[in-house]
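Feature annotations, reproduced from TrEMBL:
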ACT_SITE  His95  active site
ACT_SITE  Glu153  active site
ACT_SITE  His157  active site
COMPBIAS  275-285  compositional bias 'Polar residues'
REGION    275-296  region 'Disordered'
SIGNAL    1-38  signal peptide
Amino acid sequence: METRRPRRGWNKRFVLPLALLCLAVLLPGALLPPSASASSSSPAAGGGSRKRRWVGFDYYVLALQWPGTICRETSNCCDTNGCCRSQPLKWFTIHGLWPQYNYGGWPSCCRPTRFNINKILMLMPILEKYWPSLYCGSSSTCFGGRGPFWVHEWETHGTCAYPEIQDEYDYFSTALYLYSKYNVTKALRKARIRPTSGRKYAVGHIVAVIEYAFGAMPSLVCKNGSVQELRLCFHKDYQPRDCTLEAGSAPNGRSYCPRYITFPSYKPSVVANTTEGINNQSNGEVPSYMRTSDSE
């Protein structure tokens with residue numbers, strides 16, 4: 001039987017379930033920090049062909065979405081769309097944790113892998129709350145496939161963070177830890193920046209608030225004068241660093257933010273079975289399209 005070599009930070013797997021219960025009640029500071037480097041100089045034990053290649057990267061982007069900007073345009077509902085829940089999402093949700101290059105661009109689809117839902121079952125209630133899909137339908141995955149939003153993020157971005165991140169659990173728990181420790185929603189509310197219909201806030205003030213709270217400059221992505229994403233950047237040891245200017249953030253770019261921007265609210269368009277479907281997933285019942293064989 002193949003064994004996996006213990007690595008620095010291995011006890012996170014045992015302590016995290018209890019921390020996740022705390023996170024559901026009180027998010028900030030609940031998760032334990034990930035290992036700064038699982039094994040930066042050598043592959044994992046039993047590293048056969050699945051571990052032999054990866055694309056290097058320089059830093060991470062933690063991309064956070066403002067649901068109001070996306071959900072106010074929702075026209076079709078389904079039980080996998082976070083915009084369709086009975087109560088609106090009033091906090092930033094996670095889009096993804098993305099390895100990036102210093103010179104611009106990013107690696108993607110770095111290792112052929114089959115998504116193993118069993119590795120993140122204990123994280124499902126927290127992922128449903130803080131990392132939901134805000135769209136209906138399946139997302140494109142690597143190598144010509146389609147699947148749920150989490151599969152897309154893991155295959156496209158998570159596989160490129162090896163060896164710092166080695167599997168699905170590492171990827172999603174690391175993103176949740178950073179999201180919890182660097183709580184953007186809380187930092188903005190503390191500065192009296194709240195989602196209020198029609199109220200505009202200076203971009204410079206928003207950036208200054210986040211930089212003061214976390215010690216590094218974020219980047220903003222806007223759509224039609226509203227915040228669509230706020231992105232935090234981290235070194236490979238998970239310490240904050242300044243984000244670089246987004247390619248589309250020039251005045252004529254599609255993600256350009258004007259001088260004053262809004263955090264729009266929205267009214268959910270709820271379908272009859274939306275709440276039931278989300279509650280089932282939160283209770284650990286996995287949709288059929290996400291199930292995998294126990295032999296994996």
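Here the Cβ of each residue, glycine as well, is placed from N, Cα and C on the backbone.
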Spatial separation of Glu153 (active site) from His95 (active site) - C-alpha basis, Å: 8
Among His95, His157, the one of these active-site residues whose Cβ has the fewest neighbouring Cβ atoms within 10 Å: His95
Close in space, distant in sequence - Glu153 (active site), Cβ under 8 Å, 6 or more apart: His95, Gly96, Leu97, Tyr171
